[in-house]
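Take a look at the structure below.
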Amino acid sequence: MDITIQHPWFRRQFYSFFGPNKMFEQCFGEHIQEADLFPSSVLSPFYFKYPFLRLPSWIESGLSEMRLEKDKFSINLDVKHFSPEELKVKVSGDFIEIHGKHEERQDEHGYVSRDFQRRYKIPVDVDPLSITSSLSPDGVLTVCGPRKQGDVPERSIPITREEKAALGAAPKK
């Protein structure tokens, strides 16, 4: 029986392509493909599991993106399976909480019910009272708030020399 041996330098460089897919990633719960059930070496010693080939599966999952730009903080969350009445967005302490739930209903594969909750830490320079949310026609929920503009001018900080060692060792002469 022939056994394919891959050299460590080759395997290490492309480990993410050869290694098994991570089960507990953001698109957990989506359907699996037949190729996911086998290690790549079973299918062929030269078979690669390119992550970008799974793009359609990723697009259909509830992807989340958080951005901290110069003038604003924003969250984009795919909630296309929920109506506005099934979504709740609230500020609780230093967090934005987004909750979506719909009861069992029929889709093209059978019956499905969905329930999710996500929490995002509000940056310290964003006023929680200024946060707004909107839902696009294609099902993307956007939660955003302006960042406070700091008018702190740039300045040089002088370095002073201390006589006592910081780590408790005697200074070298």
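Note that Cβ sites are derived from N, Cα and C of the backbone, with glycine treated the same way.
So that you can see what the record holds, here are the features copied from Swiss-Prot:
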- Met1: N-acetylmethionine (MOD_RES)
- 54-162: domain 'sHSP' (DOMAIN)
- His81, His109: Zn(2+) 1 binding site (BINDING)
- His102, Glu104: Zn(2+) 2 binding site (BINDING)
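Structure with Swiss-Prot features highlighted.
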residue: His102; record: Zn(2+) 2 binding site; Cβ contacts under 8 Å, 6 or more apart: His81, Phe82, Ser83, Glu86, Ser113, Arg114, Asp115
residue: Glu104; record: Zn(2+) 2 binding site; Cβ contacts under 8 Å, 6 or more apart: Tyr111, Val112, Ser113
residue: His109; record: Zn(2+) 1 binding site; Cβ contacts under 8 Å, 6 or more apart: none
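Each residue in the domain 'sHSP' (54-162) has a pLDDT score, and their mean in this model is 86.
Counted within 10 Å of its Cβ, the other Cβ atoms near His81 (Zn(2+) 1 binding site) come to 16, all protein chains included. Assigned with DSSP, the residues of the domain 'sHSP' (54-162) fall into helix, strand and coil as follows: 13 helix, 56 strand, 40 coil.
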